[in-house]
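Copied from TrEMBL, the annotated features are:
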{"type": "COMPBIAS", "residues": "14-25", "note": "compositional bias 'Acidic residues'"}
{"type": "DOMAIN", "residues": "48-474", "note": "domain 'Major facilitator superfamily (MFS) profile'"}
{"type": "REGION", "residues": "1-39", "note": "region 'Disordered'"}
{"type": "TRANSMEM", "residues": "85-106", "note": "transmembrane segment"}
{"type": "TRANSMEM", "residues": "113-131", "note": "transmembrane segment"}
{"type": "TRANSMEM", "residues": "137-162", "note": "transmembrane segment"}
{"type": "TRANSMEM", "residues": "174-193", "note": "transmembrane segment"}
{"type": "TRANSMEM", "residues": "205-225", "note": "transmembrane segment"}
{"type": "TRANSMEM", "residues": "259-288", "note": "transmembrane segment"}
{"type": "TRANSMEM", "residues": "308-329", "note": "transmembrane segment"}
{"type": "TRANSMEM", "residues": "341-361", "note": "transmembrane segment"}
{"type": "TRANSMEM", "residues": "367-396", "note": "transmembrane segment"}
{"type": "TRANSMEM", "residues": "408-426", "note": "transmembrane segment"}
{"type": "TRANSMEM", "residues": "446-468", "note": "transmembrane segment"}
Amino acid sequence: FSQPTSDSAPFFSDDSEAEGTEELDGAPGQRPDDLSPSGVSRVRSVLTVSILCYINLLNYMDRFTVAGVLPDIERYFRIDDGKSGLLQTVFICSYMFLAPFFGYLGDRYNRKLIMSVGISFWSLVTLASSYTPKEYFWALLLTRGLVGVGEASYSTIAPTIIADLYVKEKRTQMLSIFYFAIPVGSGLGYIVGSKVDYAAKDWHWALRVTPGLGLIAVVLLLLVVQEPKRGAVEARPEHHLHQTSWVADVKALSKNRSFVLSTFGFTAVAFVTGSLALWAPAFLFRAAVFTGEKSPCVQEPCDTSDSLYFGIITCVTGVLGVASGVEASRRLRKRTPRADPLVCATGLLLSAPFLYLAIVFAQASTIATYVFIFLGETFLSMNWAIVADILLYVVVPTRRSTAEAFQIVLSHLLGDAGSPYLIGVVSDSLRKTDSYLWQFRSLQLSLLLCAFVAVGGGAFFLATALFIEGDRHRAENYAPSDDEPIAVPKSGRTARVPVSSVLI
C-alpha cells in the first residue's frame, strides 16, 4: 500500500499541505515546472491571494457598517457619544487581546483551518447582533466584542500566507492588493450600511449583509486555499530555521528596533483612522445641521447621505493612497534602502495639516471639508501595504505571525481601541449644553487631536529609517545560535531542548 498524500494538514500539526507535493510527478525532490518552492502552484497562489483579499474586504466592511448607521443606533438605544464610542472600542479590545493567541497558533499549526473556524464564528455572531432589542444595548456591545474573536484569527495569519507564497517586489505587489481591501472594505461598509438602512427603513438589516458573504468565504477557503511551506520561498524552509519558544520569539522581537518603531508609527495611523472611521460621518452630519443644510434627526431612519459620501471617499482615497505609496516606495528604493519608512513618514506628516483643515472648515464650507478629507485620507493610506512589508522583511519567517499579533495588540491598544471612546468622552466633557451648536462644536474640538497624533506617527517612522538596513540584514542572514531553544517533535509531543543537544 502506497502512503496517500493528504490534501490538508491536521489542525494540531505544523506540517504544511504542500509537504507531499515534491514527490508528485517525478522522483523525490523534483517539482513540476509551475510549482514554486512553497509547494503551491502559480495559479493556486493567485487564487489564494484573491480569496484572502475578498475575506479582508469583508472584514473591514463588517467593521465599519456600524459607523455607517451610527445616528440610527444612537437614537434607537438613546445613548450619548461616550457609549457610541464603546461600540468600536469593545470590538478592538477583544480583537487585539486575542491576536497573540492566534499568532502563536498561526506560527505552529494549520493556518487555513484556524482562519476557517474564526470566520465562521465571526459571521454567526455578526448575524446574532442584528437581533438586539433596544432595551439591551449591553448585548450589542457583547456581540461586537465577540466579532473581534473571529477577526483576530484572520488578520494575524493571512499576511504570513502571502509572505510564504512570494518574495521581494512580487510580495510587495501582492500585499498592496491585499491591503487595498482595507480602505475599499471600510468604504463599502459605510455605503452598504447607509443604502441598506435607507432601503429597508431599519438599520438592523445593514448588519445582515456580511454574514452570508462570510460563510461563502469559508467554503472558498477550505476548497481552494492551500497551506504553503513556511519560509521555503526564501530558500530557508522552516525545517532549517526551527521554531523557537514563544518567550524567545518575544525577546527577539523586542530587540528588533525597526519592528518596534514602525509598530508605534502604525499605532498613530490606527488612532487617526479609528477616530475618523467612527466619528467622521456623524461629525459631517452635525456640521450640516449646524449650518442649516440638513434638519436634525428626530425619527428613524436618519439622513445617512454623509456616510455614503464618506464611504465613497474612503474607497477612492484608499486605492490612490495604497497605490501611490507602493509606487513611491518602489521608485525611492533605487536611491536608498530606507525608502519604506521614509514614504510612511511623509504620508503621515502630509496628512496632518489636511485633516486639521478639514475639521476647521466644516462650519464654513462643506465642499472644502470634503476636499481636505480626500487629501488627508489619501496621504494617510500610503503606508498600509508598506508597514506590512517592513514587518515581513525584518522578522524571520517562523516569528511572523507572532510579530503580526503583537503589532495588532500594540497598535490597537494605543490606537483605535481607545481613540473612538476617547473622542466621544472628550466631546461629552466639552459640551456645555445639548444644543445643536455644542453637539457640533464639542465633537469638532475633540477630533482636532487626530492631526497632532499623525505628526507623532511620522516621527516614529523617521526613527525607523535609522535602523531599517541593519535589521533587514540580520533577518535575511539569521541563523539560530547553539543554545537557542527549539521545538522538537517527539512521539507526537513537543519538547524544548537546546540546538546543541540536537546536534549531538
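Placement of Cβ uses the backbone N, Cα and C atoms for every residue, glycine included.
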Stretch with greatest number of CB pairs under 8 Å, the transmembrane segment (174-193) reference, 85-106, 259-288, 308-329 candidates: 308-329
Whether the transmembrane segment (113-131) meets the transmembrane segment (205-225): three or more C-beta pairs under 8 angstroms: yes
Range from 85-106, 137-162, 259-288, 446-468 with most C-beta pairs under 8 A to the transmembrane segment (341-361): 446-468
Stretch-level contact, the transmembrane segment (137-162) and the transmembrane segment (259-288), CB cutoff 8 A, at least 3 pairs: no
Cβ contacts the transmembrane segment (446-468)/the transmembrane segment (259-288), at least three under 8 Å, sequence gap 6 or more: yes
Candidate ranges 85-106, 259-288, 408-426 - greatest C-beta contact count to the transmembrane segment (367-396) (under 8 angstroms): 259-288
Long-range environment of the transmembrane segment (408-426) - Cβ separation under 8 angstroms, sequence gap at least 6: 80-89, 92-93, 95-97, 99-100, 103, 152, 155-156, 263-264, 266-275, 277-279, 442-443, 445-447, 449
Residues of the parent chain within Cβ reach of the transmembrane segment (85-106), under 8 Å, 6 or more residues beyond its termini: 63, 66-67, 70, 73, 114, 118, 140-142, 144-149, 151-153, 155-157, 160, 246, 274, 277-279, 401-406, 408-409, 412-413, 416-418, 420-425
PLDDT averaged over the residues of the domain 'Major facilitator superfamily (MFS) profile' (48-474): 84
